[in-house]
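Copied over from Swiss-Prot, here are the features:
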type     : residues : note
SIGNAL   : 1-36     : signal peptide
TOPO_DOM : 37-323   : topological domain 'Extracellular'
CARBOHYD : 56       : N-linked glycosylation site
DOMAIN   : 91-138   : domain 'Kazal-like 1'
DISULFID : 92-122   : disulfide bond
DISULFID : 96-115   : disulfide bond
DISULFID : 104-136  : disulfide bond
CARBOHYD : 140      : N-linked glycosylation site
REGION   : 140-162  : region 'Disordered'
DISULFID : 183-214  : disulfide bond
DISULFID : 187-207  : disulfide bond
DISULFID : 196-228  : disulfide bond
DOMAIN   : 264-304  : domain 'EGF-like'
DISULFID : 268-281  : disulfide bond
DISULFID : 276-292  : disulfide bond
DISULFID : 294-303  : disulfide bond
TRANSMEM : 324-344  : transmembrane segment
REGION   : 352-373  : region 'Disordered'
């Protein structure tokens, strides 16, 4: 047998060659970075959105990151974009006065005045509007500004079950032997922020007010910041009438608010300056009226009358000490004045007698002297 001829594959048709070539070119073009590697240094590649040409669009990306950090869509409600180091920051520049003209925000929180509300809206970038003038009287909040789940307002979390109506975040423990309302309020994570409540007691923070309201199943509101003092009139610390309360539409109150004003008795606004002549003016929003806390020794609607009954009141130990010291100093001063007056009155007659004797001696004439001789 002769030599075997080598096998030869049939020649591919021209159309198949073109198809293979097109697939290879398309695959090479779609490889990541293949387009960027063929670009010359200094440009040629279109950046996303047709905003310029660069190798990797780094400059544009940097600018876009700054814009995304602070622009009109992310810095609203009175905020201003300002440079902060290498980037931009949304700054809320509100110079709020400290007058107590409380307003109720749409998030259920009470703010010291409308400026504080706008500043909170800017800081949290949330739409907060004024829904009522004066503090919020919510069904499940006491105006403490700690969130919609907190507070001791009337009718908060009423649950009707075997326990009866459980209010103020109390829950019915039906599995217990003694079925009743229990309070599972944990105040361990709250910082020390003493407040004076409407029951005349001081609490370490607003959370303990809610806990006491839950345990006692009665409404206890926060009157003012700080411990209760002797000047707090317990007659003014009564409970608010449920009929006077207002429940605004709550949008979002999950954040802590440091701009929230606490209490239902506030100092009067500037337009009521001089309302109390001898006392402190307080505005009670539950009645929408101003009242006066008169100083010691004064009475009347505007503290304009002198209270003479104060003369018969036994002062405290500290005040009694001051009274005794003042009495001793006054007695010493009176004694000194009396002594000076007595000395003057005693010396004057002697001087007068001496002057008269001298005058009489001067009246001797020459005739009287010759007679004596």
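Cβ from N, Cα, C; glycine included.
Residue 122 (disulfide bond): 21 other CB atoms within 10 A of its CB, across all protein chains. Residue 96 (disulfide bond) and residue 228 (disulfide bond) have their C-alpha atoms 27 Å apart, to the nearest angstrom.
Neighbour count (other Cβ atoms within 10 Å of the Cβ, all protein chains): 23 for residue 276 (disulfide bond). The Cα atom of residue 104 (disulfide bond) lies nearest to that of 115, taking the disulfide-bonded residues 115, 268, 276, 292, 303 as the candidates.
Rounded to a whole number, the distance between the Cα atoms of residue 214 (disulfide bond) and residue 207 (disulfide bond) is 11 Å. Secondary structure at residue 228 (disulfide bond), as computed by DSSP, is coil. Of all the disulfide-bonded residues listed here (92, 196, 207, 303), it is 92 whose C-beta has the fewest other C-beta atoms within 10 angstroms. If you take the C-beta of residue 228 (disulfide bond) and look for same-chain residues 6 or more apart in sequence within under 8 angstroms, you find 196, 197, 200, 201, 202. In this structure, the C-alpha atom of residue 268 (disulfide bond) lies 10 angstrom from that of residue 292 (disulfide bond). Taken together, the residues in the domain 'EGF-like' (264-304) have a mean pLDDT of 75 on the 0 to 100 scale.
With respect to residue 303 (disulfide bond), the closest of these disulfide-bonded residues in Cα terms is 136, chosen from 122, 136, 183, 187, 214.
Secondary structure at residue 136 (disulfide bond), as computed by DSSP, is coil.
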